[in-house]
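As structure tokens, the structure follows; a few thoughts come after it.
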Amino acid sequence: MKGGCVSQWKAAAGLLFCVTVFASAERPVFTNHFLVELHKGGEEEARQVAAEHGFGVRKLPFAEGLYHFYHNGLAKAKRRRSLHHKQRLERDPRVKRALQQEGFDRKKRGYRDINEIDINMNDPLFTKQWYLINTGQADGTPGLDLNVAEAWELGYTGKGVTIGIMDDGIDYLHPDLASNYNAEASYDFSSNDPYPYPRYTDDWFNSHGTRCAGEVSAAANNNICGVGVAYSSKVAGIRMLDQPFMTDIIEASSISHMPQLIDIYSASWGPTDNGKTVDGPRELTLQAMADGVNKGRGGKGSIYVWASGDGGSYDDCNCDGYASSMWTISINSAINDGRTALYDESCSSTLASTFSNGRKRNPEAGVATTDLYGNCTLRHSGTSAAAPEAAGVFALALEANLGLTWRDMQHLTVLTSKRNQLHDEVHQWRRNGVGLEFNHLFGYGVLDAGAMVKMAKDWKTVPERFHCVGGSVQDPEKIPSTGKLVLTLTTDACEGKENFVRYLEHVQAVITVNATRRGDLNINMTSPMGTKSILLSRRPRDDDSKVGFDKWPFMTTHTWGEDARGTWTLELGFVGSAPQKGAVKEWTLMLHGSQSAPYIDQVVRDYQSKLAMSKKEELEEELDEAVERSLKSILGKH
């Protein structure tokens, strides 16, 4: 699988984004979904065209004049049988273009323990929900939890907030979910109807979405199963995973579904976590995400929460274009004693963590939640379980302040997540150039619901966001078999221009590189303030020797708040004893952040907090720069 940016950067909804295309050595699979654009006419014309050719139709909300045609009578993997339908559409004089959607794989991120134990619980599971309130149950570490109790005591339970679960459907008849189900905001994109109920299978494989929904919105005090993180929130089902192949049009439609009703979208799926896949959103989905953060929630931006991945130490979530997107909040997981789960992937794009299981045989160490057909379970797990917990915490924050933008939520995540008692046996905790503590696996720490709602209540919207191409290295350079290739790039971060970026949020290194064995590549980038981000770690199962990375946007959040001006360093090398060859053809530095200090006007309640530290840092920097400007002015006059 090959991924990269074409036409390098595309503008949509006032934002720059990388248009990613993918090529595979395998024969493409063609589906019964078509992207159709008409020469003229509106939705009524599209319905007429669709009906004449035997298609159903939906208008795409994120793009003017584009329609989703679907033909339920077509075999999903037969190019020959569907070709004449495509040709008939193309020959219709009203149709400008008709693109048949290719199918690709998307996997649920649920970890299935080989020692699964059947447990039928009739009693409420609240005392077993250690990730909500950890008192040491299931051999856990007391106090290592989401601190939801503090948020609940302050009166925040998710009222007025809707979370969309993009998955295999939800059991909206479940007695622990029914009272919080938002039917108006729900849809089934697998069957094209408004009833996203899971398809029955003997092995309950399609329980994934129902379990995620219960973590967020299971009702409280009804003697059924457990309690959702935001137990007064509404949950919407967006069924989109349960078909033989995923398509760009289904993903884009799901991500852009009802953006004025749905506040938070939770995704516990992504490309295959096999340690050798490089994949991400296609063009329509990228466009839908850009549209979501720019226009969703009345212009405040849809909040996308993504599970970082279940590939373990064999994989790297920077090879997943969903988890490593600037527009998503990528969430990893810890187990109940603070260690990493066996399936956790590490990467520089992860923003924070919540909880799941993964190492322990204790049957109560899993995540307790709702299950299919009115049942309960103690066995939900994987980063699949982590993302909905985060969505629930964000729902509590939104209730505290409905004016929060998608960027505000990311800033709050950075500032209120805590190291707590998290322990990473491989990667140390470090501080970036402005003193923010981060970890390559856990991001900025575990979410703290109490701290987040308290800060959210007084939060002032962060300054406008700008995008700067900080520079580019285009000369091909060979990567030595031993040692490292070191490249440097000095940037002024567009200073003096209208898109100057002074305070960093996200940084992307767009890299084109080939190697005799892609999985042995290691790429690090160091900022001018000395923060080292591991952009790519070794993936021992990735034996690609042909496609490499083609304009792939590696992303880091570790330089959050730093000054981008100065010299950036990129190091590329091989891990392992086998001789290797490689060459880097391009490195483009993309800087995203604000010109004005984001925290100077924020209200500080806790003078030991990261906000207090960051605000002090900003004030000192602003003072230093003001003094420097004054000195230059005085010297200029003399």
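Placement of Cβ uses the backbone N, Cα and C atoms for every residue, glycine included.
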Open item on the list: Which one, Cys212, Cys225, Cys468, Cys494, is listed by Swiss-Prot as the other cysteine in the disulfide with Cys376?
Closed with: Cys225
Task: Cysteine from Cys319, Cys347 that Swiss-Prot links to Cys317 by a disulfide bond - done: Cys347
Task: For the domain 'Peptidase S8' (129-453), mean pLDDT (0 to 100) - done: 95
Task: From active-site residues Asp167, His208, Ser384, the one whose Cα lies nearest Asn375 (N-linked glycosylation site) - done: His208
Task: Lowest local Cβ density among Cys317, Cys347, Cys376, Cys494, which the record lists as disulfide-bonded residues, within 10 Å - done: Cys494
- [ ] Would you mind reading off the Cα separation of Cys468 (disulfide bond) from Ser384 (active site, charge relay system), to the nearest angstrom?
- [x] 34
Open item on the list: Using other CB atoms within 10 angstroms as the count, which residue among the disulfide-bonded residues Cys225, Cys468 scores least?
Closed with: Cys468
Task: Between Asp167 (active site, charge relay system) and His208 (active site, charge relay system), the C-alpha gap once rounded to whole angstrom - done: 7
Open item on the list: Using DSSP and collapsing to three states, where does Cys494 (disulfide bond) fall: helix, strand or coil?
Closed with: coil
- [ ] For the domain 'P/Homo B' (461-597), give the DSSP counts of helix residues, strand residues and coil residues.
- [x] 3 helix, 74 strand, 60 coil
Task: Shortest C-alpha distance to Cys376 (disulfide bond) - which of the recorded positions His208, Ser384, Cys494, Asn514 - done: His208
